[in-house]
């Protein structure tokens, strides 16, 4: 109810900016009980009455992808055809509380332009906690609804564009300063991003272009406490320490003029002659990762990762993928043709033909490994001294939009161990029910005065 009041107050345009930021600080309580996989989403438009009251936005509520689509559909179908997506690297609802003008202290607010835009917008919507999966597919969803490919723009490019109110346009604006945010204070990063938002909106206002804008982030900037600590576990034991959540590293991205290949894994380990090494920290989140040899086109892609020294030599891993059109399904499908490991002039080949899916999707699998206990998706024709295991593996080499994966085609089969267990349990219970019903229907009532073996009893009527 609290968050619904916030959204309603902003939407009608009667609430002032200080009230909005004070309300956002209260909504931050809802995000405190969520996990680290939620980010806020702020929407506003130059048209009126695009969003109905949000009845489900209460403390602790997390907006799913299906609920988000119900909020976005009216704006995309009835609102302006020009959509702006401001995408930050990190953002959490707590940032609005910590760095916004919550109590009227507007001179210290890091969101002055955003605050002004929401205050003047005829329609606006604030969702404090949106599921990370819904945000990761937001660009693809907007592209499908608008029927327009996303266009990565900056301030210089935006001034040269001639936007038309009748033609759909999806403008993706990656806010700057994110690459060097580790060297800057959070307030400076947010202030710089807010200035970019203000300049973009000023450009659209000068051209009198109707628009719908959205501000969100790739991942949260703050790790929220677990719900058990907030709701029911406030009493801590003596000498108890809070376990730190593992950091979520960004995917490896190969770029030429734009991001072309995305690769991610929760754990990336290789073994040479049964000596295992973890390459996760050497691969993800590393600025100087050696991608020499990688290339991409519409039908063929190769991601090349080089490490030196590794096992005393220079080792290169090559993920080779191809995209082909299949008339039967009338769509393009991609497949990873092979995985190569180059070292000391020798090459080890792994067949990974099961890594496949529609080209508009990414591929995800819990384990892609040469170890038989973990699925054995990496197959070699001859015995090899190399072994590899990728945990929570995900890759996309075609139709990449920004640095976010599209919907994932998962490797999980239908008859998984859990499904088999459920089916067998259901069949067993059904057998017991059928047998019991059969026994009940087979019951016959016995007349204790009826003796089928003896003579029939006859009664003579005496008058």
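Positions of Cβ are set from backbone N, Cα and C atoms, glycine also.
Record features (Swiss-Prot):
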SIGNAL    1-32  signal peptide
TOPO_DOM  33-412  topological domain 'Lumenal'
CARBOHYD  164  N-linked glycosylation site
CARBOHYD  255  N-linked glycosylation site
CARBOHYD  267  N-linked glycosylation site
CARBOHYD  290  N-linked glycosylation site
CARBOHYD  297  N-linked glycosylation site
CARBOHYD  344  N-linked glycosylation site
CARBOHYD  351  N-linked glycosylation site
DISULFID  365-411  disulfide bond
CARBOHYD  399  N-linked glycosylation site
TRANSMEM  413-433  transmembrane segment
TOPO_DOM  434-463  topological domain 'Cytoplasmic'
Surrounding residues of the transmembrane segment (413-433) on its own chain - C-beta under 8 Å, 6+ positions past either end: none
Those disulfide-bonded residues listed as 365, 411, and which of them has the most Cβ atoms within 10 Å of its own Cβ: 365
Densest Cβ neighbourhood among 290, 297, 399 (glycosylation sites), 10 Å radius: 399
Least Cβ-crowded entry, counting other Cβ within 10 Å, from the glycosylation sites listed as 255, 344: 344
Residue pair residue 255 (N-linked glycosylation site), residue 297 (N-linked glycosylation site) - Cα distance, angstrom, rounded: 12
Candidates 267, 290, 297, 351, 365 (recorded positions) - the one closest to residue 164 (N-linked glycosylation site) by CA: 297
Neighbour tally for residue 164 (N-linked glycosylation site), based on other Cβ positions within 10 Å of its Cβ: 11
Of the glycosylation sites listed as 267, 297, 344, the one whose CA lies nearest the CA of residue 365 (disulfide bond): 267
Distant-in-sequence Cβ neighbours of residue 351 (N-linked glycosylation site), under 8 Å, six or more positions away: 338, 378, 379, 380, 381
C-beta crowding around residue 267 (N-linked glycosylation site), within 10 angstroms: 13
Spatially closest candidate among 267, 290, 297, 411, the listed recorded positions, to residue 399 (N-linked glycosylation site) (Cα to Cα): 297
Conformational class of residue 255 (N-linked glycosylation site) under the three-state DSSP mapping: strand
